Amino acid sequence: MSSRKHLANAIRALSMDGVQQANSGHPGAPMGMADIAEVLWRSHLNHNPQNPEWADRDRFILSNGHGSMLIYSLLHLSGYDLSIEDLKNFRQLHSKTPGHPEYGYAPGVETTTGPLGQGITNGVGMAMAEKALAAQFNREGHDIVDHNTYVFMGDGCLMEGISHEACSLAGTLGLGKLIAFWDDNGISIDGEVEGWFSDDTPKRFEAYGWHVIPAVDGHDSDAINAAIEAAKADPRPSLICTKTVIGFGSPNKQGTHDCHGAPLGAEEIAATKAQLGWEYGAFDIPADVYAGWDAKEVGAEKEAAWNAKFDAYAAAHPELAAEYKRRVNGDLPAEWEEKANTIIADLQANPANIASRKASQNALEAFGAMLPEFMGGSADLAPSNLTMWSGSKSLEANDFSGNYIHYGVREFGMTAIMNGIALHGGFVPYGATFLMFMEYARNAMRMAALMKVQNIQVYTHDSIGLGEDGPTHQPVEQIASLRLTPNMSTWRPCDQVESAVAWKLAIERKDGPSSLIFSRQNLAQQERTQEQVADIAKGAYILKDCEGQPELILIATGSEVELAVEAAAQLTAEGKAVRVVSMPSTDAFDKQDEGYREAVFPSAVTKRIAIEAGIADFWYKYVGFGGKIIGMTTFGESAPADELFKMFGFTTENVVNTAKELLA
């Protein structure tokens, strides 16, 4: 049987070889954390390489994702479907081993990491999901949800502000199944971190309410093992502070930034292997090392034991077991489609002129009763975002059976935590803040789009309609920024019906995030036929039309739709042939077939005006260079909303005059 050190050296060898073959990458962190990884993966991690989707597996996250050869080596050695050829293709086009770990490529990669700090934050979300799912489904004698979340993170993760947001909340909520390892190697790209990172990290985490295990030798297997055992036994989240040597084993580069982000070079690799006693060539792993690492048999036994436990649970609680399966499979309730469509039809039949943020809350009230998988929240703005409904129950450290998270003023942390909740499974997470403060969270929403995970964001107070709070709180360019993000679905509804449709589609969308943008001010409900209600889902549809071919098309979203309707009525009375298109979602419209898009926007009709209280430039795509845009070209001002709309040209008079100029 190979020694622990010999098995850990397999990680070091593969990491050196992979980075050298790619001629780029980060060998230092994998070499430094290899001993920790060997103890965790071989003695503690419950997983099954033959079924990476096993619901009750432990989750492992490499938050310092630049050290990706570490996780690729672990997955390969443990027996996942990741071959030695895949490792040789590290960082190559269309490989399963991209430069940073990406969800959906290599089996066993739980989340995409690389932007530092987001991995630990995803881990907080996964641990929250585990604790909530356990509270909702476990019954006496039947702990079917019972797994840990393990996170490796480096100095960079801890320097990023998001780590404070997430780890603070993790301590407050008592996430005892979360165990993080700090790779305390004292090195970052610029050199020794003591010049820019001198925090007392153990005291920092003690202040959060974490269980802290300081000064663990990251190259002493017995010390690492004892620390993990202590962490698993403590009811608080745990930070294991492991002192490591970056690039461990490299005679000339270990302990320096020279081994952080570049290949070691052929000579140094040879010297390192000699020093480690590793007598094998590039990508050469001997049979005894593979045998020592192989987790397939043990993993299958662990899953089989859990399956037997679940069968007993299903016999005792058949309805709960069926509901658990539905939830973790991500299936909607059987009656969902029919009931949701009825709710939308009823809203159209019973008009209400309300703010779309209130319409959003009403949609939550209607849909929430059918969706126990909802896990809502807000970044300390629930009374403004209107994200709580009658069925909302807040999560508390001692009671996680609820469905609502008070994230505090942590927009970035909230959004990345939601990514972790979505990745874990069993929940449909939604969160909220003012649209302006989407900026704090932008990269986490980009990560949701990149990973194709369901993350529903409610962004309220969507324009200069916010009024007196002024330009610091008035969004201008934010909607365009969201629309320009690949795989982001963005909706800005004009009334309660469009709001409910947007919510329905966001709930049904499993392959990416949704941004639902709502107003502070009341909006007039529009009249629609049944066919028009059905067409809302297409992203843009003809709301008001003329006889025959229009000479002018007015395009509007959200609060500006009623402005377009009023202007069209006045122009029609003056003999103009005008069409009004409500366009709540440009990305949904862009996915429609050419026939539908041509029917809404005939190419022969070039006189077009877009009206939106957001950045104007975005709309040239739809109006063309010959069209006009009534939008924002500057930041807002502090004043009552009515005065601002008038000042910036969002009036019936200005729309009519602009139309006449265009038609002249």
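For all residues, glycine too, the Cβ spot is worked out from N, Cα and C.
Here the structure is a predicted model, which means the values were calculated and not measured.
Of the listed candidates (N46, N89, N138, N185), Swiss-Prot assigns N185 to the same thiamine diphosphate site as H66, G114, P115, L116, G156, H260, F437. Swiss-Prot names H26, H260, R357, S384, H461, D469 as substrate ligands; from the candidate set R59, R509, R520, the record adds R520 to that same site. The annotation in Swiss-Prot ties N185, I187 to Mg(2+), and of the candidates under consideration, D155, D220, D222, the one tied to the same site is D155. For G114 (thiamine diphosphate binding site), the nearest of the binding-site residues H26, S384, R520 in terms of C-alpha separation is H26. For the recorded Mg(2+) site, residues D155, N185, I187 set the reference point as the centre of their Cβ atoms, and the other residues of that chain within 8 Å of it by Cβ are G154, D183, D184, G186, S188, V193, T244, I246. Taking every pair among H66, G114, P115, L116, G156, N185, H260, F437, the residues listed as contacting thiamine diphosphate, the largest Cα to Cα separation comes to 35 Å.
For the binding-site residues H260, R357, S384, H461, D469, a Cα to Cα distance of within 10 angstroms from I187 (Mg(2+) binding site) holds for H260.
Around the Cβ of H26 (substrate binding site), the number of neighbouring Cβ atoms within 10 Å comes to 26.
DSSP assigns H26 (substrate binding site) to coil, not to a helix or a strand.
Cβ packing within 10 Å was compared across the recorded positions E411, D469, and the lowest neighbour count falls to D469.
If you draw a 10 Å sphere around the CB of P115 (thiamine diphosphate binding site), it holds 19 other CB atoms from the protein chains shown.
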